[in-house]
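A.B. asks: Can you keep this structure in mind? I'll have questions shortly.
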């Protein structure tokens with residue numbers, strides 16, 4: 001059940017209506033049941049897998065909290081991690097591991113291993129696994145007491161708005177909210193609805209629109225001019241940002257209507273002036289998870305320069321692997337790791353001196369965007385060689401000149417689609433620029449006079465209906481991060 005589907009547009013209002021009409025004692029069981037139903041719409045069997053993860057981490061938390069023996073506490077956490085990561089490995093990484101072993105073995109003339117797991121990757125398994133394991137670490141560290149109420153804990157892991165693609169919430173932030181009684185408020189409805197509407201705009205008007213061109217160019221890059229390849233590479237960066245950001249907004253908006261505040265997962269990342277800053281603004285919940293539960297325990301920046309830079313590279317390699325069982329994702333992570341290391345090393349050599357003039361800021365933003373686009377080529381490519389081939393043709397192939405526009409006009413997106421996407425991007429640029437400079441647009445919208453709010457919402461809805469990608473022959477486009 002996708003957020004941008006008719007099913008969700010029926011499911012969500014019904015859940016909201018019943019949740020606020022039901023007696024207080026029934027609200028939480030109902031919300032848990034709704035969350036399980038939401039996840040079961042993909043595959044009922046995988047709901048059982050999620051329940052197993054819930055039970056494993058719940059029992060581990062209780063056992064860790066119930067003993068003072070440090071040896072036992074570490075043992076409980078170890079087995080919990082081994083079990084959960086073992087499940088994740090079997091479903092997501094087993095085939096990749098076998099392929100890697102066979103590839104290395106073939107170099108030395110070894111016979112291939114004929115093993116494989118023919119199963120679909122459970123939707124959102126990386127997200128809810130990391131959220132549950134984060135809770136386990138929080139309990140072990142003493143950041144919070146183990147949750148005794150299994151219903152509350154199960155709801156924390158399976159809360160449907162953020163279940164399948166995040167944000168990866170912290171137990172200290174989300175769990176206390178889920179234990180409270182929530183009443184319907186007009187303010188929550190307004191704030192939630194604007195997030196949902198803006199999310200639909202980003203998904204249908206921008207992400208799904210530019211995806212048409214990206215999906216046409218990447219598999220057949222040899223047919224296109226350098227100009228079209230550059231546009232496709234930039235468009236994929238735009239696509240994945242708007243696609244993932246739109247999901248996070250829809251999740252945040254859905255939760256807000258129910259009275260729950262989810263964390264912001266994006267903060268205008270494409271305005272970043274360095275790759276280090278980019279990762280403070282992109283997929284914040286995941287980068288924060290790796291920072292607190294991997295980077296800092298490895299020593300962070302406290303063990304000397306070499307160890308510090310090695311920790312950064314390791315974290316980004318793992319981050320790439322988290323996204324998918326393929327060399328392209330690891331390469332994407334390592335590219336970001338390399339430029340993070342480069343920037344940290346340069347900053348240490350230069351000290352804290354930093355130019356603040358507009359020209360320098362513009363150059364830094366251009367550099368950051370170029371690196372992000374370059375790395376995302378491998379993220380989108382089926383193989384590393386395809387990514388290298390696309391970049392090579394982009395740099396050395398014919399630019400196209402007039403052929404560039406001709407290629408776009410003859411593409412499935414067409415010139416009208418291009419203009420619609422560019423119009424949507426212009427609005428996104430303005431909104432992100434205002435927010436980047438410290439203006440809270442959600443708060444401004446909530447405080448605006450009722451007629452003005454209605455006009456803004458109607459204009460946004462009009463743009464979605466007129467310029468969005470939907471209708472006969474259109475199949476709801478799955479959010480990219482569902483595959484992780």
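Each residue, glycine too, has its Cβ placed from N, Cα and C.
TrEMBL lists 6-22, 29-55, 75-94, 106-130, 150-168, 189-207, 227-247, 329-346, 358-379, 417-434, 455-474 with the feature transmembrane segment.
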A.B. asks: Do we see three or more Cβ pairs under 8 Å linking the transmembrane segment (150-168) and the transmembrane segment (29-55), pairs being at least 6 apart in sequence?
C.D. replies: yes
A.B. asks: So what's near the transmembrane segment (329-346) in sequence-distant terms, Cβ-Cβ under 8 Å and 6+ beyond its ends?
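C.D. replies: 274-276, 279, 305, 308-309, 312-321, 323, 371, 374-376, 378-379, 384, 387.
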A.B. asks: With pairs closer than 6 in sequence left out, are the transmembrane segment (417-434) and the transmembrane segment (358-379) joined by 3 or more CB pairs under 8 Å?
C.D. replies: no
A.B. asks: Among the recorded stretches 6-22, 29-55, 75-94, 417-434, which has the greatest number of Cβ pairs closer than 8 Å to the transmembrane segment (227-247)?
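C.D. replies: When the Cβ pairs under 8 Å are tallied, 417-434 comes out ahead.
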A.B. asks: What else in the chain is close to the transmembrane segment (75-94), if you only count residues 6 or more beyond its ends and a Cβ gap under 8 Å?
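C.D. replies: Contacts with the transmembrane segment (75-94): 49, 52-53, 56-57, 60, 63-64, 67, 115-117, 119, 121-122, 125-126, 129, 132-133, 136-137, 140, 321, 325.
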A.B. asks: Who are the chain neighbours of the transmembrane segment (6-22) in space, where the CB to CB distance is under 8 Å and they lie at least 6 residues beyond its ends?
C.D. replies: 30-31, 34, 38, 41, 183-184, 254, 257-258
